[in-house]
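Shown next, in structure tokens, is the structure this report addresses.
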């Protein structure tokens with residue numbers, strides 16, 4: 001079973017914010033396969049589905065971003081999913097909007113949601129897709145920036161990014177070599 005985790009913050013006020021791009025991708029994936037992310041266990045919303053003939057666990061932690069591991073680890077344990085079959089989707093301040101960076105492993109890179117996952121999983125050896133959201137300009141604080149909604153112009157770009165990310169996720173679910181997926185999808189959309 002493959003496991004796809006989108007990171008974000010819970011609550012209506014955080015919907016469509018930069019920090020919730022991981023949730024936005026999972027939501028679009030759920031919508032495109034006519035699924036419902038409506039089961040809850042261990043502080044996480046989840047769905048189990050067959051996507052292109054493969055069994056998939058889709059997760060959105062119902063913790064705040066900085067505690068994501070508290071939801072993901074128990075669900076992975078419960079459904080007996082290994083970190084080899086895990087793919088995490090999340091925002092990245094250090095890349096401009098419209099850029100994807102896929103990695104097989106690595107540090108948290110300053111991202112507290114990933115830090116929580118590494119802490120709870122006990123490893124940084126899991127695949128991830130970092131989705132560029134850009135950095136704030138002027139005197140806007142990072143925390144305020146990531147919790148802002150995308151502008152209409154940014155949403156045009158992010159809509160394309162979400163669709164491209166879903167293609168990469170589908171390739172992962174289909175069992176394509178991750179190196180090939182990285183070669184195909186790393187870069188600007």
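Residue 1 is the first one shown; counting continues down the chain.
Cβ from N, Cα, C; glycine included.
The active site, proton acceptor annotation in Swiss-Prot covers 19 and rests on sequence analysis. Residue environment of residue 19 (active site, proton acceptor) contains 23 other Cβ atoms, counted within 10 Å of its Cβ in all protein chains.
Counting every protein chain shown, the Cβ of residue 14 (tRNA binding site) has 18 other Cβ atoms within 10 Å. Swiss-Prot lists 14, 64, 66, 112 with the feature tRNA binding site.
If you look up Swiss-Prot, you'll see 9 marked as site 'Discriminates between blocked and unblocked aminoacyl-tRNA'. When other Cβ atoms within 10 Å of the Cβ of residue 9 (site 'Discriminates between blocked and unblocked aminoacyl-tRNA') are tallied across all protein chains shown, the result is 21. The secondary structure of residue 9 (site 'Discriminates between blocked and unblocked aminoacyl-tRNA'), as reduced to three states from DSSP, is coil rather than helix or strand.
If you look up Swiss-Prot, you'll see 91 marked as site 'Stabilizes the basic form of H active site to accept a proton'. Cβ neighbours within 10 Å of residue 91 (site 'Stabilizes the basic form of H active site to accept a proton'), excluding its own Cβ and spanning all shown chains: 24.
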TODO: Inside 10 Å of the Cβ of residue 112 (tRNA binding site), count up the other Cβ atoms and send me the figure.
DONE: 14
